[in-house]
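Record features, source TrEMBL:
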DOMAIN    A:25-194  domain 'CobW/HypB/UreG nucleotide-binding'
BINDING   A:GLY29, A:PRO30, A:VAL31, A:GLY32, A:SER33, A:GLY34, A:LYS35, A:THR36  GTP binding site
Amino acid sequence: MHPEAHTHPDPHPARNATGARALRIGIGGPVGSGKTALVAALCRTLAADLRLAVVTNDIYTTEDADFLLRNGVLPADRIRAVETGCCPHTAIRDDISANLDACEDLEADLGPLDLVLVESGGDNLTATFSKGLVDRQIFVVDVAGGDKVPRKGGPGVTTADLLVVNKTDLAPLVGADLSVMARDARARRGDLPTVFLSLVEDPAATPVADWVRGLTKE
Amino acid sequence: MSTTLLLLADGRFPAGGHAHSGGLEAAVTAGRVRDLDDLDAFLRGRLATVGLVSAAFAAAACAGGDIHTLEAGLDARTLSPALRKASRAQGRALLRAGRTLWTLPTAERELHHPVALGVVAAAAGLTPAEAALTAAYGTVTGPASAAVRLLGLDPYATHALVARLAPDCDAVAARAATVDDLPACSAPLLDIGAETHATWEVRLFAS
Ligand SMILES: Nc1nc2c(ncn2[C@@H]2O[C@H](COP(=O)(O)OP(=O)(O)O)[C@@H](O)[C@H]2O)c(=O)[nH]1
Ligand SMILES: [Mg+2]
C-alpha cells in the first residue's frame, strides 16, 4: 500500500456545475402525511421541463412505485424501489448504500438526469436523510396529525430545507389552527422556509415545485 | 489490527447488510422459523453451509487469489439467481465502503460478497483468517438481527444464542482459512426460499 498515493475518494461526489449528476432531493415525513402524493404531483408538474426519476423506500417494496405507475406520472423504468429491512431510517441515514446504488443505476440506465426524488419509507419525526445521499430534503407533515406537530420539533421539522404542512383542506375538520403551526414552525426553523399545501386543492403542488425549480437552476 | 477487524465486522458498518435477512424472512414466512430454538437450528445450518463457503472464499480472496476464478467458483456454487444477485448487491455496497476507507487493488464495482470481503480485508491489512472470521460471523449476525426485527425475539436471548455459536463460528473460520480445496456445501432450502422470496409482492428485506 502507498499511503502517500491514497486520496480517499469521495463515495458520493458533490454535484458540480457541469451537471455530473442529478440534484437529489429527499422527501421524508410520517406515514400518510402525503409524501407519495407529493412525489406524484412534482412528477406531473416538473416532468415536462426536467429529466427526472424516483427512488422509493416504502417498507412494502412495490407499494409507492405502484402508486406512481398507476397514476401514470412516470414510466416504470424511472422508478426504483429499495428494500429497507424493517428500518426505513437506516436506509436513508446510517447505511445509504442501497439508495446510492439506486440513484446511480437510474442515471447509468437512463442517461443524464436533472433531478432524482428519494421518498423515505414512512417513519417518525426523528428521521432525516444523510447529506451523503441527498443535496436537499423536504419534510412533509400533515394537519390531520394535529397542530402540535411543528412544536414537537425533531430533526425533520427543525432542520429540513423545506417543511411542507400538507392537507390544509382538512384543518377545519380536525380543528387544527394553521396560524399556530406557522408560528411554531418559525420558532423551530428560524429562516428555513415552510409552505402550507393541500394537494386536493393544488394538485400541481405549486409552491413546492417552484422551490425545486429554483434549486435546479442553482 | 484488531480494531480494524472490529470495524469491518461491525453490523453498523455501512455496507448494505441491514437490508438482507440471509434467507430468514423466507423461512419465517414459510413457518420454518418461529422461535429461538428454530433460529438456533437455522443459524447452525447456515453457518455450516453458506458460512463455510463464504468464509473460505473470503480467505482465498484476501490471500490474493484470482478474483475472476473466485467469482466463477461462487457462481457455480450459488444455484439461486436471486442469491447471486443478493451476493453481488452486498459485494457492491462493501466495495463502495471499502474504497472510501482503504486503497483497493481493483476497480471492479461489483463482486460476490465473500470475494469483496476478502479484497477489502486485505486492503485494510487484515489476514485471510480474519477475513474468514468476518465472513462467518456475518452469516450468523445478519439473520440474527433480522430475527429480532421480524419475530420480535428478545434481543438479549438472541445475542446469547450468537454467543453460544461463537466457538462454532471460530471453528468454521479456522477451517475455511486452511482448506486446500474450496468447499461447495449447499443448503437447498435457502436456495428455494430465496427464489420464492424474490417473487413476493410484499417483502421487507432484499433477500
Ligand atoms: N385531504 C387530503 N388528503 C391528502 C392530501 N395529500 C395526500 N392525501 C391523502 O393522504 C393519504 C396518504 O398519502 P400518501 O401520499 O400515500 O402518504 P405517504 O405515506 O406520506 O406517502 C392518501 O390517501 C392521499 O390521497 C391532501 O392535501 N389533502
Ligand atoms: Mg408513501
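Just so it is clear, glycine is given a Cβ too, placed from its N, Cα and C backbone atoms.
Within the same chain, the residues at least 6 positions away from A:LYS35 (GTP binding site) whose Cβ sits under 8 Å from its Cβ are A:ILE27, A:GLY28, A:GLY29, A:GLU119, A:SER120, A:GLY122, A:VAL140, listed in sequence order.
The DSSP secondary structure for A:THR36 (GTP binding site) is helix. Per-residue pLDDT, averaged across the domain 'CobW/HypB/UreG nucleotide-binding' (A:25-194), gives 91. Filtering A:GLY29, A:PRO30, A:VAL31, A:SER33, A:GLY34, A:THR36 by Cβ distance to ligand 2 (under 6 A) retains the following binding-site residues: A:THR36. Cβ crowding, taken as the number of other Cβ atoms within 10 Å, peaks at A:GLY29 among the binding-site residues A:GLY29, A:PRO30, A:GLY32, A:GLY34.
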